[in-house]
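Before any comments, here is the structure.
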Amino acid sequence: MEKRPFYITTAIDYVNSVPHIGHALEKIGADVIARYKRLDGFDVRFTIGTDEHGSKIEREAQKQGITPNELVDKNAKAFKEAWERLNIKYDDFIRTTEQRHEDVVKAMFSKIFDNGYIYKSAYSGLYCVGCETFLKEKDLVDGKCPNHGTVPEKMEEENYFFALSKFEEPLKKMYEEFPDKMVPEFRKNEILNILEGGLEDVSVSRGSLNWGVRLPNDEEHVVWVWFDALINYISSIKYSTNQEFFEKYWENSLHIIGKDITRLHCIIWPAMLMAADIPVFTKVLAHGFVNMKGEKMSKSLGNVLDPMDIADKYGADPLRYYMMSEVGMIRDGDFSWELFIKRYNSDLANDLGNLLHRTKNMVKKYLGGELDCKDCSSDKKIIENTKIKTDEYIDSMNDYDIATATSKAIDIVKYANWYIDNSAPWTSFKEGNLAQVNNILYNVLESLRIATLLLYPIIPQTSEKIFDEMGIVDKPEELELNKAKAWGGYSSKKTLVVGKPIFPRIEIKKEEENKTTDTKKENIKDDNLIEFSDFEKVQMKVAEIIEAKKHPKADRLLLVKVKVGQEERQVVAGIADYYKPEELSGKRVAMVCNLKPVKLRGELSEGMLLAVKDKKELSLVTFDREVRPGRKLS
């Protein structure tokens, strides 16, 4: 039977900076849906990528003293590496600077222009560089962009405009005829309110910008970055170059985006498609934001999380599990270390990991590691519970409610743990009833097999490991959900061996104050002490020195270029008397990262290197073993 195509995309990431936890939420969620659809028998094509044009890129490149091309190459590589480390299994990584994309942008622009929906006119108004979009006075909050909190720039230039106003009624009709075109429902209502307020034509070119796709009909202009970026969804599937391939996947397409770009994807993008005589996408899923203890993450608040730090310390799967179970893809969610550790210990270590470990241990202890999977009877209660939860999981996944689906899969695990305690195989063993012991442990492992299959889209590496430790030859990704979810599929091809728990508990160490009444032993004055909360404000990380050179205006200062994670910075350091510039390249040193940038003798310094001075010598603080740049000091 031929598989039905399913095309899933995420918003392509703007590469003027490095990946953060919000990027990770979207990519993980899309990867979960893509893996689930593959299990469900679909021919899936999953596209992610990078948005590499626009004024922000041009300005950031100028700031760093490199070309825009060098900047986007460097940052695109960082995004690609990040998603591979989070086990994002995409089919295509598209970059808007690729020729295959630029060709499609020009083809679509020409089509819309030829159809009479693009015209040239003078523009005078406001432009937000952060959003890379034009704003109206009514869009502002206290005179500032509502998304970035910055005052937009005033702009006057002659541009090409897209006649968006002509698509107000067609868009209303589309959402009326296809009410599930956008989910969740409450976000669609926001779009309907915008349509009710009326649409205005939008500028789709920039005459004052060099970095972008040149208009096919006017080399003096480049395509507006959002008009360019949106087209990636069809350039990835070969629009205008392979129509059969394009139509195959486009007929069943899902865009996953953040709630802050719904106007672009749910008003401008479908209007562009209509103007080019291209069928509109099937559906848009607009997810919420990840907050930190209720606050929006931002660099100014110092609460931006690097998903790579979490993955490096705990593994990709625990991060994926937390993001999908606690945040999900419907509403805003919160990240807190307390809740992350609680979820890890409760769901992954205590429930899932412990169920596998204790059951294998009992198979070894009571049955010599050999489980009879053929001649055993199943318990109707555990079968019924597993089936109910599996059906609820499938319903939730089909609605893209991943958080609920995850909880249903874990409910199967929780019930299996309860089932062991309630069935007490140790008692049957003492009574010499090995057949009953075998039945109980088979029921547990069979329910664990099904739960593991359901968890595979969320924690794929762990699911593969559990299958292997259970002696299951097939890999989860090779199975068909409709067949594999049926009770009775467990069969082990090897003697079960007890190994280490797959999720060792995270022990939370509480710092306790050392109090003493012996004042003679304590020689520290109270006014020298600081609260631990004050110390926590200082962010210290591992930095790798890329290069160093002399300060042009100060003999005792060096300009040190460092890499912190995927970010590069310059630090002005007073170490010229102790180190030659060529000695520093490749050193990994300790650095304070959240100091306010300052200019020292005319050169920008974005941090401070830690050093120890002993009499006439000074030594940078380094490490006695290999550590990754960007790791936090604690």
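Each residue's number is its place along the chain shown, starting with 1.
Glycine residues also receive a Cβ, built from the backbone N, Cα and C atoms like all the rest.
Automatic, uncurated: that is what TrEMBL annotation is.
In TrEMBL, the annotation motif ''KMSKS' region' applies to 296-300, one of the ranges 196-200, 296-300, 476-480, 626-630.
Among the residue ranges 13-23, 68-78, 211-221, 354-364, the one that TrEMBL annotates as motif ''HIGH' region' is 13-23. Around CYS128 (Zn(2+) binding site), a 10 Å sphere centred on its CB holds 20 further CB atoms from the protein chains shown. The local packing around CYS145 (Zn(2+) binding site), expressed as other Cβ atoms within 10 Å of its Cβ over all shown chains, amounts to 20.
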